[in-house]
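To start, the structure under review is shown below, and the notes come after it.
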Amino acid sequence: MLNKIKLQQKRKLIIGWSVFALINLVVILLTVLLRAGLPNLVSKGVTPFSAQAFGDAFIFLITRVYLDNFLRQPALLLGVITLIGYLALGRGGVQSVVGALKTVIGFILLSIGSGVLVSTARPVFDTIKGLGGTGVVLLDPYFSLASANDFFTNSFLNNDYVSLIAFSLLVGFIVNIIFVGLKRWTNTNSIMVTGHVMLQQAAVVTTLFYIVLFRQIPLLGTGIAYGAQAGLVIISGIFLGVYWSTASTGTYLVTNKVTNNAGFSIGHQQMLGIMTVAKLGKYFGDKNDSAEHKKLPKALKIFEDNIFTQTIIILSLFVVLFIVILASYKGDKPLLINWDKFGAINGLEIWNTTFGGANFTLNIIGGALKMVASLIAIMTGVRMFITELQQAFQGISEKVVPGAVVAVDIAAVYGFSINSVTFGFLSGVIGQFLAVAIMAGISYIPGNQFSFVAIPLFITLFFNSGAFGVYANAEGGWKAALLLPGIIGFLEIIVISFALRTVSNAYQASALLDAKQSFDLKALMGNSLDNNNGSALKTAVEKVVNATGVNRITEAQSFVKSDSFNSLKAVNSTLAQAIEWISKSASPVDNGFIGMADWNLYFGLLVWIGAYNVIGGWILVILATVGLILLAQIIDNGKQTKVTKLQQLLKINPQLDLNN
């Protein structure tokens, strides 16, 4: 029977790969033969089936068919990765295609939710910044993912680089597998399979490394140079792979303590934080005096409901932000029209559409609910395609590195220590919002250009501070669970509020913004507005065209919010598109950041210092990567049976498991 099953799997594997190869062969033949046989449809004067025709055909195949229509399309790219993974596992053609289809649809759902989230939240943040205060950044991994997608989609005229995130994820996963495969040297034994977390982290690392490491490389036209794209993917992937290998391995032993030897590690946003809490817990209390022995009030249980708590936090936050806007706005245009609807200020009029003809007060509530709904859409889309991608990744890793430990979502440990989660959550809320209050006060320092106000949302608070409660309790009892999450949360907000502003400032000195400030708008305008001599439209357009430096971006932002923008679309859509591109000057952190311990504290310190100078940034990223490799040598991974070569070289004496 077993041999029969293996034979069926081999048959499915052969059939699946044959179909995949056949499809690619048909695409290549049709593209090359049609393009070489009918070259005059594109380029006049080229002889059909000549050497030049075939050369043009192959360039078209690579750049347009595979690069632009596949490798730069993240939904299709991830779908094909799932397809290949399932085929490698012998799932058969039908199941592989269904898995790929779910992946594509899930990513499209993510994109829809991201678009709604960013378009709803951004006008509020832009208006807050326009009041003269510092910016507000929401700490939430899905806001962060949406912000990164928006940056790579809209920052480069007619170029979409979201697929770079997927490439970084793929390289990182390969590096993770290689490191675990070389565990005799690396001392790492854990493979990340939490795809949604990996995607969020790949988005943050890829976008921020572009700003920190590649911001001064001149653009190729209005796009990222090919060498910079390759370098960005490689350095991001290596950093991610080393981080995933080391940090997840470091959670294995203490997770076994929490779960009574369940045999998995954690693959989430706070793995280094978990290691830190586990080491510090014993200094704050007695692990035998556990939080699980305490009785909690029933009223606190309501905060375990994800949707309820997200709604309360987001609604409260945006009500406060709108109160600040209403109390402080002093612009020329009316903010409110007849105390009923928002005026055309920074795009705030989008909030009028939530409940149709309702008053602005109801639309504020509706807008907050709309953002919660978009977050749910993002999470649903992510779960949909990650479920498929995760199975493909896990299956591949099991075949390549048998016996490796799987790193799973942090929620897997919550059932083992429910009270500790609540202790950590409440402690984190107090500590982080105390830091928010301090950063809000700092934001009122005149001329503040050195800090943002980072505000944590539910996912950050519950899955970051709640996790710390669990691991602090395991080593230091209820006192550690009640104190450590708040202390670490406080430090997180302080560090990341300064770090994100530094990154945003670095973006303002990037080659991308230089390209926007020097883009030849006059050539695009040409004579298209000659029939509008003396008109308000031509005057408004010329203000943008003739502006220089930062003033051009400011003028472009004002222009796209005016009625003249729609008029220009009808006359010269190419010029209108270019001006709209110039107006979009948000850095990849302005609309959201991942917001959990490893990224607020450790990665936050890295980019805070590294963003000041590109060379310094490269040095720090390399040192951080090497540091993670060395950190793996002193980690007790719980399954080590022999001393590694690096441990011998560094004279480290690890704890060996002689029973394996």
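Each residue, glycine too, has its Cβ placed from N, Cα and C.
Database features (Swiss-Prot):
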{"type": "BINDING", "residues": "Pro141, Tyr142, His196, Val197, Met198, Leu199, Gln200, His268, Gln269, Asp409", "note": "L-ascorbate binding site"}
{"type": "TRANSMEM", "residues": "14-34", "note": "transmembrane segment"}
{"type": "TRANSMEM", "residues": "74-94", "note": "transmembrane segment"}
{"type": "TRANSMEM", "residues": "98-118", "note": "transmembrane segment"}
{"type": "TRANSMEM", "residues": "162-182", "note": "transmembrane segment"}
{"type": "TRANSMEM", "residues": "194-214", "note": "transmembrane segment"}
{"type": "TRANSMEM", "residues": "224-244", "note": "transmembrane segment"}
{"type": "TRANSMEM", "residues": "307-327", "note": "transmembrane segment"}
{"type": "TRANSMEM", "residues": "362-382", "note": "transmembrane segment"}
{"type": "TRANSMEM", "residues": "401-421", "note": "transmembrane segment"}
{"type": "TRANSMEM", "residues": "422-442", "note": "transmembrane segment"}
{"type": "TRANSMEM", "residues": "450-470", "note": "transmembrane segment"}
{"type": "TRANSMEM", "residues": "592-612", "note": "transmembrane segment"}
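Shown in sequence order, Thr194, Gly195, Gln201 are the same-chain residues outside Pro141, Tyr142, His196, Val197, Met198, Leu199, Gln200, His268, Gln269, Asp409 whose Cβ sits within 8 Å of the Cβ centre of the L-ascorbate site. Contact check: the transmembrane segment (450-470) against the transmembrane segment (194-214) gives fewer than three Cβ pairs closer than 8 Å, residues 6 or more apart, which falls short of the contact criterion.
Most Cβ pairs under 8 A with the transmembrane segment (98-118) among the ranges 224-244, 362-382, 401-421, 592-612 are made by 362-382. Met198 (L-ascorbate binding site) falls within a helical segment according to DSSP. By the Cβ criterion (under 8 Å, sequence separation of 6 or more), the transmembrane segment (362-382) is not in contact with the transmembrane segment (422-442), since fewer than 3 such pairs are found.
Non-local neighbourhood of Gln269 (L-ascorbate binding site): Pro141, Val197, Gln200, Gln201, Ile410, Phe463, Asn464, Ile594, Met596, Ala597, Asp598, Trp599, each in the same chain, at least six residues away, with C-beta under 8 Å from its C-beta. Here the transmembrane segment (307-327) has Cβ contacts under 8 Å with residues 124, 127-128, 131, 136, 138, 335-336, 364-365, 367-369, 371-372, 375-376, 455, 457-459, 461-462 of the same chain, all six or more residues outside its ends. Here the transmembrane segment (422-442) has Cβ contacts under 8 Å with residues 134, 291, 296, 300-301, 303-304, 448, 451-456, 460-462, 464-470, 472-473, 478, 481-494, 497 of the same chain, all six or more residues outside its ends. When secondary structure is read from DSSP and collapsed to three states, Gln269 (L-ascorbate binding site) falls in the coil class. The Cβ of Met198 (L-ascorbate binding site) lies under 8 Å from the Cβ of Leu169, Gly172, Phe173, Met192, Leu240, Trp244, Gly267, each on the same chain and at least six residues away in sequence. Around the Cβ of Gln200 (L-ascorbate binding site), 25 further Cβ atoms fall within 10 Å across all displayed protein chains. Binding-site extent for L-ascorbate: residues Pro141, Tyr142, His196, Val197, Met198, Leu199, Gln200, His268, Gln269, Asp409, maximum pairwise Cα distance 16 Å (rounded to the nearest whole number). Least crowded of the binding-site residues (Pro141, His196), judged by neighbouring Cβ atoms within 10 Å of its own Cβ: His196.
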